Amino acid sequence: MEWKETARWIKFEEKVEQGGERWSKPHVATLSLHSLFELRTCIEKGSILLDLEATSLPQVVEMVVDNQIETGLLKLDMKDKVTYTLLRKHRHQTKKSNLRSLADIGKTVSSASRMFTNPDNGNAEQHSTSRLQNSSEYSQITNFPPPFFSLPQLKNKFMKKLPRDAEASNVLVGEVDFLENPFIAFVRLQQAVMLGALTEVPVPTRFLFILLGPKGKAKSYHEIGRSIATLMSDEVFHDIAYKAKDRQDLIAGIDEFLDEVIVLPPGEWDPAIRIEPPKSLPSSDKRKNMYSGAENIQMNGDTPHDGGHGGGGHGDTEELQRTGRFCGGLVKDIKRKIPFFASDFYDALNIQALSAILFIYLATVTNAITFGGLLGDATDNMQGVLESFLGTAVTGAVFCLFAGQPLTILSSTGPVLVFERLLFNFSKDHDFDYLEFRLWIGLWSAFQCLVLVATDASFLVKYFTRFTEEGFSSLISFIFIYDAFKKMIKLADYYPINSHFKVDYITFYSCVCMPPEPALPARGSRTLDPEINTCSLYNNTIDWPSLTKKECWKYGGYLVGNNCNYVPDITLMSFILFFGTYTCSMALKKFKASRYFPTTARKLISDFAIILSILIFCGIDALVGVDTPKLIVPSEFKPTSPHRGWFVPPFGGNPWWVYLAAAIPALLVTILIFMDQQITAVIVNRKEHKLKKGAGYHLDLFWVAVLMIICSFMALPWYVAATVISIAHIDSLKMETETSAPGEQPKFLGVREQRVTGIIVFILTGVSVFMAPILKFIPMPVLYGVFLYMGVASLNGVQFMDRLKLLLMPLKHQPDFIYLRHVPLRRVHLFTFLQVVCLALLWILKSTVAAIIFPVMVGGVSSFYFISGSLYLKHPTKHITAFPTPSL
């Protein structure tokens, strides 16, 4: 005779399948209402022993049996038989093949057992449910020597998934032939103690429920056992069980559970069907409040969101309070961040930080090359790729080391690029020294930013609404997506596909190099190599048709033929790499939620999704061997233009009045910097990210101003917070629970807040000049695919995108978003339409020379929202701006 495990719970039920070799998938426990009432009767009539002082299973059994005898519930001559039955061996569902054990990593520890006996004694059944407690108020572990546990218990990989202070509730249920009346006992130990092989894994036991009854009612006993096991896995009832002072408290807990039970009609549902666990579970706070007598409880999910005021702003949090003192906000930011400065370094000691470093590094390098090239074109190489690399490295590393929010990534932005182009052209037209003029604009702008810091002007951030945030972040995301496709189309133009190619006409295709005509200069805009003697161009000894394309251009020749512009396979291969990198990144990022491989392997693959995708498609590119365009990094550390150095003298190049007049364009730069920096900071510091170390709006702006001074003197680009890359940085550092119950979705815990990833990313960016021989193997289409992924990924969870999808959904298929319960659908669509119009206007503005006033228009969008809200939309849309959209 022995007890055998048949089911286990943490939050959802798992059964041992009929074959007895595997656990079922976690599913919602479906109970019969009759069994719950029978359980209530058992609690009313059975023995209730609360805060029992015992340290071993035999001692517990002896005290329970003695209590039954004292209360007249058990005859004295039955003591030995009941004790013998309860102390029989326990066999758990742990004997599996290695493959099955590997797949079972992450299972939990609640169990139910069934006791098999010989035909003379009948059979018995045990349910054992574990409740995981992290609170020290309810948990205390008593240590026993290692030999007290069996080897399968100690080797059970399931232990890796249990949080600290896990406690078990064991339910023993069965039928025997020597009892006339049921033997019922509910036990809560004074302290959780180890009871040996009673549990599947070595965790302390706090509760026991025992039900032994006469033969003939095995199914009824089994359902009662499932009922108490399910109750003990219920968050509200288990709190009641811990705090109960007598029998009536337990009965009140069961009654509360019955009040919340939903009954399914027997003719409309098959109990054999296992209900899949939901993706998200309702909070039990309302039930707890109702049980504790709280008033004004709102039902049906109508509880307002914290801080859900009509404007959808950020409330009067500590970081955004105006002190009214000189540099008061800056001082408070410094005091707030100093206690976390040491933890900002050792909190990065995790493998997840490595994946974030590699991912953000490649994104930053690609961005630096792109903006550096555009800056070189706009400023006649007065600022180029190398200046972009150096500026990114210096400003990024210093900012991540000292800023208030080190998760923010600095980068050049489109409006800054437009301003640089206009400033260079203006300086050229009026014979101003461009770099000196730019230096004084930078100094004035930095001074104005420091004035904003000193006067706590960052408090205005709290008036930014969801309307503004989503419009800004969506626009930047769309720009990333648009630029990724734009670069691929430009690549296709440079390496065109010969769509008119016919295999049968292959003999007609040709391309030869022809010498330049003596009376005319060489065709095209190419200049000859100065080392080449021009007289040799007409030397008949040169075999022009045998020259390569580069040699032909070098000697001033020109190409003739219908096949000269045809570059086979490069465009097609580039698009394969582009879409392949994007698709692979999205698939591997979602791999954590798949059903393949153990939990640890899935999490590791998900964390390194971007890096794995890049390596895979770099390998494919090398294997195929097509000459796709590669990442080109400067190999020499010197200014791009030979007409400038690393320091800009502040005087001597322009008239004296220019130094004062520079304050006027500097005001525009200040608005640009302030809006870009603070809107991105607001998005990074959202409540949804669950940041614990606080923000530092004033401190961030202070360092942006200081770094602007440095960049101005060194003629490096100006840098400000980059929205999409910052969001990607946060996404790569998100943390989830590692010990979620079987069937329960991992819970988002927050972001790994630290400074190390940003510092290392920017240091690597600075030394990329010396890594050119390695980086040259990375195809540009692969990096464009990463840009596409970053743009699309940053749109996930944006409520604006969810409301756009509602436009295409029939009413019956629309998700149950909270704001749809409060706001008429036509008002939701009107709100979305206004955002689309504002987004379109910003896009048009961004695409013209007027992009320099882009930040001003973003502020105008926020003002437009307030005006329209006060006149027409304020009441209905407060629910849209107040509630975050749940992840689907």
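Each residue, glycine too, has its Cβ placed from N, Cα and C.
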Among ranges 182-200, 467-485, whichever one TrEMBL labels transmembrane segment: 467-485
Dominant neighbour of the transmembrane segment (756-775) in 353-376, 608-626, 656-675, 782-801, by Cβ pairs under 8 Å: 353-376
Contact check, the transmembrane segment (388-417) vs the transmembrane segment (437-455), 3+ Cβ pairs under 8 Å, seq sep 6+: no
Top partner of the transmembrane segment (353-376) among 437-455, 608-626, 656-675, 828-845 - counted as Cβ pairs under 8 Å: 608-626
Of 467-485, 608-626, 696-720, 782-801, 828-845, whichever stretch has the most CB pairs under 8 A to the transmembrane segment (570-588): 608-626
Considering the transmembrane segment (828-845), which listed stretch of 437-455, 467-485, 656-675, 696-720, 782-801 counts the most C-beta pairs under 8 Å: 467-485
Region pair the transmembrane segment (782-801) / the transmembrane segment (467-485), three or more CB pairs under 8 Å: yes
